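S.K.: Below you'll find the structure I mean.
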Amino acid sequence: MTLANPSDFDGNLQPQGWLRYFSFSLDHKVIGLQYLVCGFIFYLIGGALAGVIRTELISPISDFVSRETYNEVLTLHGTVMIFLWIVPVVNGAFGNYLIPFYVGARDMAFPRLNAVAFWLIPPAGILLISSYFIAGAAAQSGWTAYPPLSLTTPAAGQVVWILSVLLLGGSSIFGGINFIATILKLRRPGLKLMMLPMYCWAMLGTSVLVVLSTPVLAGTLILLSFDIIAHTGFFNPTMGGNVVVYQHLFWFYSHPAVYIMVLPAFGLVSEILPIHARKPLFGYTTMVYSIMAIVFLGLIVWAHHMFTSGTPPWMRLFFTIATSFIAVPTGIKFFNWLATLWGGKIALNSAMLFSCAFIVNFVFGGITGVALAQVPFDIHVHDTYFVVGHFHYIVYGGTVFVIFGSLYHWYPKFTGRLLNEDLGRLHFLLTFVGFNLCFAPQHWLGLNGMPRRVAEYDPAFTTLNQVSSVGALLMAISTLPLLINVVVTAINGKEAGDNPWNALTSEWLTSSPPPVENWHGEAPLVTEPYGYGQHQETKA
Amino acid sequence: MPIRTVLAVLTATTALVLTGLWVGYNVNMLPLGASSNASTYDDLFKVLFSIGTVLFLGIVILLVYSLFRFRRRSGDLSDGLAIEGNLPLEIVWTAIPAVVVLFVGLYSYDIYERMGGMATLNDHMAMDHGAMQQVSVKEGDTAGRVWGGIGVAGMDAAPAGPVLPVEVTAMQFAFIFHYPGSDITSGELHVPTGQQVELRMEARDVIHAFWVPQFRLKQDVIPGQPTVLSFTATRAGTYPIICAELCGPYHGGMRSNVVVHEPDAYDNWLQQNTPNRTTT
Amino acid sequence: MTSTTPLQDSVTIEAGHSPAGEGHGDFRLFGLATFLVADGMTFAGFFAAYLTFRAVNPLPEGGIYELELLLPTINTVVLIISSFTFHRAGKECRAGQLGASRLWLAITGGLGAIFLAGQMVEYFNLPFSLTDNLFASTFYALTGFHGLHVTLGVICIAIVALQTRQGGRISASDHFGLEAAELYWHFVDGIWVVLYGILYLL
């Protein structure tokens with residue numbers, strides 16, 4: 001692979017204007033926005049699937065879609081939201097757009113690999129969605145695809161699902177390699193690791209997790225496909241196979257996947273808060289070490305998803321303790337963010353509203369998470385709506401809120417125009433109220449006896465399920481002000497200028513939108529990305 | 001720090017902790033408890049709920065207070081204070097969660113042990129002669145191996161006396177209960193109060209999970225890997241048995257009931273349902 | 001203090017001179033090494049699965065773990081020798097001896113082909129087939145996945161050997177392709193040694 005000059009990228013062969021977003025562009029900014037828009041389209045699809053689930057659950061009997069369709073819908077919902085929306089956007093979109101700026105480079109380390117990584121996603125997504133229409137029946141065994149269920153449901157859909165996830169995993173690994181090389185090797189001279197903005201550290205940690213854990217999922221799914229296609233017996237108990245081994249291997253990836261989804265969000269919040277609070281990021285060094293601790297602990301806690309799977313007692317105990325201790329580095333980050341806000345001059349705009357709501361939601365999800373780590377607690381609520389509520393607080397209340405906040409924060413950089421604040425606040429209000437209405441009641445439902453992934457339930461739970469569905473409706477409506485906002489401001493939004501937030505990180509030290517080579521002149525050396533308030537101090 | 005600030009912080013913290021404790025011990029989020037395990041579980045739940053409430057409220061109050069007090073006044077374009085960190089403070093809020101988590105971990109370990117979670121399953125199976133003679137699980141055969149679950153030994157407040165073994169077979173989409181002692185096969189589970197029951201579970205096709213919310217117990221039922229689940233019912237009544245692991249299209253309909261009888265009523269049920277009573 | 005001092009050694013963006021390429025040093029090998037870590041984790045997953053199966057899932061009656069040792073041992077030796085011959089090829093190339101380098105590459109590729117042929121012979125003489133039992137399935141999955149890597153390696157060696165000819169892409173000063181293939185080959189060899197240890201010797 002040759003390392004091309006970014007200025008070559010816009011040569012005669014590269015389309016200009018909006019067309020370049022549909023091309024094999026090598027510009028990291030174009031690729032970042034490709035990830036963002038592509039991911040958002042899949043968010044709408046995954047949201048529609050969630051709409052089907054919540055509509056089915058308005059009544060306690062299975063009456064909206066067939067039971068098989070319901071299982072297909074919940075499988076696709078999980079897969080789309082994780083592999084096609086959250087992971088690509090929070091890593092691929094913002095990572096590709098921001099990391100080269102932060103390290104003072106003109107592009108990623110491997111621009112072509114970068115484009116390949118992106119262009120694996122649309123075909124994989126289309127393949128996955130089309131399995132519903134073409135293969136006759138899409139995968140029905142949940143996003144976890146536990147055998148033997150995944151061996152007995154319609155094979156074509158399950159194989160297409162595996163193929164699609166393998167492609168997306170490959171894309172993720174290529175992206176991870178690129179981020180590691182860019183952050184470690186492509187920094188401009190003079191820029192030391194401890195001068196990097198926190199998002200770089202988050203992406204470095206995330207990429208390490210991607211590189212170490214995604215291949216294990218890939219290998220596992222290959223074995224699963226052998227079981228389906230070649231009738232081997234790795235995970236088939238009738239042939240002497242072991243179904244629990246699949247779960248171990250699956251969660252060896254899929255628990256770190258949670259950190260692959262939330263660590264970048266931690267990083268993005270660490271960029272947004274100091275700028276709008278006009279204060280340095282509190283405790284930079286402990287933030288860095290806590291990311292490292294989360295990466296390390298994140299790799300050794302997977303079996304807490306399997307407390308009722310027949311795991312031996314010592315294993316239950318070990319994973320309880322390891323999981324609980326993740327709360328410590330995570331807690332450090334939250335206290336540091338609060339300390340960042342303390343004594344600042346906080347502008348409570350849309351970006352900040354979403355970021356602060358992230359703190360509230362994630363603390364809630366984190367507390368239920370520590371509870372879930374305790375074996376005796378988990379034995380009761382495992383595989384119930386309590387868990388559904390918990391992880392939506394983490395991945396939606398955590399990561400998706402941060403994605404929206406980041407959109408309001410970086411949209412002026414992407415386009416040169418500011419998003420409308422009134423529509424932004426409306427978007428926030430609808431999302432926040434809808435989200436909590438949708439997912440908070442699910443904790444009670446789980447504690448009181450509603451298992452997850454069911455199309456029918458005890459009629460005693462009807463009211464709260466209807467409340468939850470109303471919340472989901474509000475969340476669906478909340479995308480309207482966002483879409484209107486993006487379209488309207490793209491046409492005649494307020495000019496943002498180069499640096500509307502008066503920020504110090506290096507993506508703001510260039511024009512908006514930035515030129516192909518990122519800076520018109522040389523790359524700036526930002527030694528203190530969070531140096532707010534220092535000039536005044538010398539004056540005072 | 002001025003004394004007034006210290007007092008205000010102390011008062012607020014005390015109020016917060018008291019609120020958390022009150023919420024944790026007075027807001028009931030759980031269904032009726034019907035096994036000896038339920039009361040143990042509810043103790044743990046109250047502790048976790050209290051701690052969680054204190055932390056959540058504390059952080060949200062701090063956040064909202066900061067957002068209000070440190071809001072940017074219009075026209076103010078200056079920066080906040082250039083505070084980049086405070087090591088002692090950071091050590092404090094590393095230590096607090098560490099201590100809390102350590103406490104929670106040790107406490108829940110204790111609860112888990114009282115539930116019987118640490119009992120070695122296979123040794124127990126070999127030692128429990130009373131039950132074993134009746135069941136005649138293929139001894140010495142690897143197929144008799146138990147892969148996980150909650151065993152009989154060590155149950156907190158477990159009544160002495162014989163253990164009632166029940167064989168559970170899960171399949172799409174039903175549970176079948178077989179009483180090896182009296183050769184009853186039933187679609188509902190019937191158990192007496194006050195006697196330890198040991199469910200020996202295996203699935204026929206895909207993974208299922210046996211869950212009784214009122215017992216606060218759940219265990220996956222796995223094809224090829226037998227598991228056990230022990231409990232002592234304490235309150236007569238009928239409670240739902242729910243499959244909690246996605247097992248196919250009718251997963252949501254895979255439910256049954258556990259009927260807990262008083263011991264006398266249980267004996268009645270047993271006699272009425274035992275087949276071939278003449279031969280025994 | 002936020003300083004925005006200009007870049008010392010200026011990064012030019014004139015056409016044809018890449019700031020991310022030659023000017024910045026080459027980190028394609030670093031990227032490849034990272035990829036190999038990922039690839040190694042796939043193998044690690046397989047190994048973990050195999051060891052777990054072996055520890056907890058008894059084979060049905062008639063199933064055996066014992067394998068013929070002679071052929072795989074010869075294969076192991078062949079593969080280890082090929083690592084040294086590849087190393088030699090790299091040394092010759094850096095010294096500018098492209099002809100000698102090509103010869104050593106050919107030997108390495110030949111050894112790789114012998115390994116694959118040996119593997120085939122073993123496959124055809126095994127007393128079990130893919131779906132016989134858990135051990136058989138795992139055996140074929142592990143050795144097959146590794147064999148796929150060896151096949152890819154032999155193809156790479158052939159391409160690199162062709163590129164060392166006059167006017168090819170590889171020269172004494174520019175030999176990324178050769179180094180990448182070498183790193184990959186050593187990785188594949190290393191994996192085999194582990195695989196041999198746990199599959200045949202254990």
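If you go along the chain as it appears here, the first residue is 1 and each next one adds 1.
Just so you know, glycine gets a Cβ as well, placed from its N, Cα and C.
Source: prediction; values computed, not measured.
Marked as domain 'Cytochrome oxidase subunit I profile' by TrEMBL: A:12-527. Taken from TrEMBL, the feature transmembrane segment covers A:30-53, A:73-94, A:115-139, A:159-184, A:196-229, A:249-269, A:281-305, A:317-339, A:351-373, A:393-411, A:423-444, A:464-488.
Set these features in their place in the structure for me.
M.R.: Using a Cβ-Cβ cut-off under 8 Å and counting only residues 6 or more beyond its ends in the same chain, the transmembrane segment (A:30-53) has close neighbours at 20-21, 23, 64-65, 70, 73-74, 76-77, 80-81, 84-86, 88-89, 92-98, 114-115, 118, 121-122, 125, 129, 407, 414, 472, 475-476, 479.
Residues 82, 86-87, 90-91, 94-95, 144-146, 172, 197-203, 205-206, 209-210, 212-214, 216-217, 219-220, 291, 294-295, 298-299, 301-306, 333, 337, 355, 358-359, 362, 391, 394-395, 398-399, 402-403, 405-406 of the same chain, all 6+ positions outside the transmembrane segment (A:249-269), place their C-beta atoms under 8 angstroms from a C-beta of that stretch.
Residues of the same chain lying 6 or more positions beyond the ends of the transmembrane segment (A:351-373) and with a Cβ under 8 Å from any Cβ of it are 262, 265, 269, 272-273, 276-277, 301, 304, 319-320, 323-324, 327, 330-331, 334, 337-338, 381-382, 386-387, 389-394, 396-398, 401-402, 404-406, 408-409, 424-425, 428, 431-432, 435-436, 443.
Among residues of the same chain six or more beyond the transmembrane segment (A:393-411), those with a C-beta under 8 A of the stretch's C-beta atoms are 36, 81-82, 86, 89-90, 94, 97-98, 258, 261-262, 264-265, 268-269, 271-272, 275-276, 349-355, 357-358, 360-362, 364-366, 368-369, 417-419, 424, 427-428, 431, 435, 439, 482, 486, 489, 501, 507.
Cβ atoms under 8 Å from those of the transmembrane segment (A:423-444) belong to residues 54, 349-350, 353-354, 357, 361, 368, 385-386, 388-390, 392-393, 396-397, 401, 404, 408, 464-465, 467-478, 481-482, 484-485, 488 of the same chain, restricted to positions at least 6 beyond its ends.
Below 8 angstroms of C-beta separation, residues 44, 47, 50-51, 54-55, 57-58, 60, 404, 407, 411, 419-420, 423-424, 426-427, 430-431, 433-439, 441-442, 444-445, 457 of the same chain, each at least six residues beyond the ends of the transmembrane segment (A:464-488), sit close to that stretch.
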S.K.: Other than its close neighbours in sequence, what residues sit by the transmembrane segment (A:317-339), given a CB gap under 8 Å and a spacing of at least six beyond its ends?
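M.R.: The answer is 266, 269-270, 273, 281-283, 286-287, 289-291, 293-294, 297-298, 300-304, 307, 311, 359, 362-363, 366, 369-370, 373-375.
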